[in-house]
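J.: Structure in structure tokens, see below.
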Amino acid sequence: MSANAFGKLFTVTTFGESHGPAIGCVVDGCPPGLEIAPEEFSHDLQRRASGKSRHTSARREADEIEILSGVYEGRTTGTPIGLLIRNTDQRSKDYSNIAQQFRPGHADYTYWQKYGIRDPRGGGRSSARETTMRVAAGVIAKKWLKQRYGVLVRGFLSQLGEIRPAGFDWDAVEDNPFFWPHAAQVPELETYMDALRKSGDSVGARVDVLAGGVPAGWGEPIYGKLDAELAAALMSINAVKGVEIGDGFASAAQKGTEHRDLITPEGFRSNHAGGILGGISTGQAVTASMVLKPTSSLRLPGATVDADGSVVDVITTGRHDPCVGIRATPIAEAMMALVLMDQALRHRAQCGDVGEISPRIPGQVDV
């Protein structure tokens with residue numbers, strides 16, 4: 001009804017606001033018997049967390065997960081899994097001066113128009129704080145996918161402003177606060193972000209996410225297409241303004257002889273389609289990209305109106321990310337994992353009796 005839940009068989013419902021006492025989620029549809037412990041959530045939650053470097057928001061939350069239900073003696077029971085994280089570092093006073101003002105480029109105005117009431121503290125429900133629980137739910141999905149099917153979901157920052165990676169190394173991604181795949185460029189990113197922060201401005205970014213090991217057959221035509229649901233999932237992340245599957249918009253400049261992924265008994269010779277054809281996985285890596293707009297909460301004055309319709313200049317003094325894309329990689333990974341787990345369970349429910357289909361084409365091969 002009010003779109004706080006996600007998924008069909010494997011569902012996630014989140015609740016809470018940025019400056020409320022807690023945020024949480026209910027994960028339903030997880031098969032029983034999956035081993036899970038509170039400490040397993042820490043890694044991805046800390047990857048998403050702010051306050052880990054000078055290039056993100058200074059807000060520091062412990063993000064300690066509490067498992068309220070659905071787990072007994074360290075294993076899922078098949079019943080709803082309740083997860084809770086208590087907020088501990090709110091500074092609501094930072095928003096007292098703009099409580100009646102609509103920040104340009106922010107959800108303040110649209111929430112006001114929809115509900116006639118809004119929580120101005122940290123953006124309330126529209127804050128990216130909500131994505132903490134998506135990442136928590138994603139921990140469950142990632143683990144189940146890896147154990148059950150060998151699927152590995154991972155992502156990286158593929159553009160910061162106008163800067164693009166000059167090389168690629170997965171090992172470098174987890175060794176810097178940007179999730180950047182080329183270690184030699186990290187000093188350049190730091191210099192760029194230092195100058196941006198001093199200027200009081202913000203910048204956009206792009207994140208790439210992929211899942212390797214996805215079997216052929218996941219996804220439902222026509223309205224439950226894997227790429228359609230993946231695009232919707234990524235678009236639901238705060239500040240995302242565009243999503244591509246595979247080559248995405250670059251496909252407009254390609255010819256059919258270039259874009260089609262030729263098939264051989266040894267495997268596909270390319271993956272322009274992003275591992276999805278007809279809304280169904282091909283067995284190749286599922287690849288997607290998302291673009292995030294620049295943060296709208298700035299220290300630089302901007303023209304707007306207040307709740308009375310009066311013209312004012314708004315200046316945001318709270319703690320905000322100069323680039324929300326820096327922390328978006330684990331969020332994108334979580335959303336892809338949630339979509340894949342839901343699709344896997346739906347495929348198993350409908351097609352579990354379908355035997356091995358020949359020929360079974362391996363994933364992409366080098367040419």
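Every residue gets a Cβ built from N, Cα and C, even glycine.
What Swiss-Prot shows for this protein is this:
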type: BINDING; residues: Arg48, Arg54; note: NADP(+) binding site
type: BINDING; residues: Arg125, Ser126, Ser127, Asn238, Ala239, Gly278, Lys293, Pro294, Thr295, Ser296, Ser297, Arg319; note: FMN binding site
type: REGION; residues: 39-60; note: region 'Disordered'
J.: Output, ordered by sequence, the same-chain residues six or more apart from Lys293 (FMN binding site) with a CB under 8 Å from its CB, or 'none'.
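T.: Same-chain residues close to Lys293 (FMN binding site) (Cβ under 8 Å, separated by 6 or more) are Gly105, Gly204, Ala239, Val240, Lys241.
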J.: About how far apart, in whole Å, are the alpha carbons (Cα) of Ser297 (FMN binding site) and Arg54 (NADP(+) binding site)?
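T.: Ser297 (FMN binding site) to Arg54 (NADP(+) binding site), Cα-Cα distance: 17 Å.
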J.: Secondary structure at Arg48 (NADP(+) binding site) (DSSP, helix/strand/coil)?
T.: helix
J.: Any idea what the Cα distance is from Thr295 (FMN binding site) over to Arg48 (NADP(+) binding site), rounded to a whole Å?
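T.: Rounded to the nearest whole number, the Cα-Cα distance is 16 Å.
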J.: With the cut-off set at 10 Å between Cβ atoms, which of these binding-site residues ends up with the most neighbours? Options: Arg48, Arg54, Arg125.
T.: Arg48
J.: So if I draw a 10 Å sphere around the Cβ of Thr295 (FMN binding site), how many other Cβ atoms end up inside it?
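T.: There are 23 of them.
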J.: When you measure from the Cβ of Ala239 (FMN binding site), how many other Cβ atoms are you left with inside 10 Å?
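T.: Around the Cβ of Ala239 (FMN binding site), 22 other Cβ atoms lie within 10 Å.
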J.: Which whole-number value in Å describes the distance between the Cα atoms of Ser127 (FMN binding site) and Arg48 (NADP(+) binding site)?
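T.: Ser127 (FMN binding site) to Arg48 (NADP(+) binding site), Cα-Cα distance: 14 Å.
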J.: Taking the binding-site residues one at a time (Ser127, Ser297), which has its Cβ surrounded by the most other Cβ atoms within 10 Å?
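T.: The most densely surrounded of these binding-site residues is Ser297.
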J.: Tell me the coarse DSSP state (helix, strand, coil) of Ser297 (FMN binding site).
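T.: Coil, per DSSP.
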J.: State the three-class DSSP label for Ala239 (FMN binding site), counting H, G and I as helix, E and B as strand, and everything else as coil.
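T.: SS state of Ala239 (FMN binding site) = coil.
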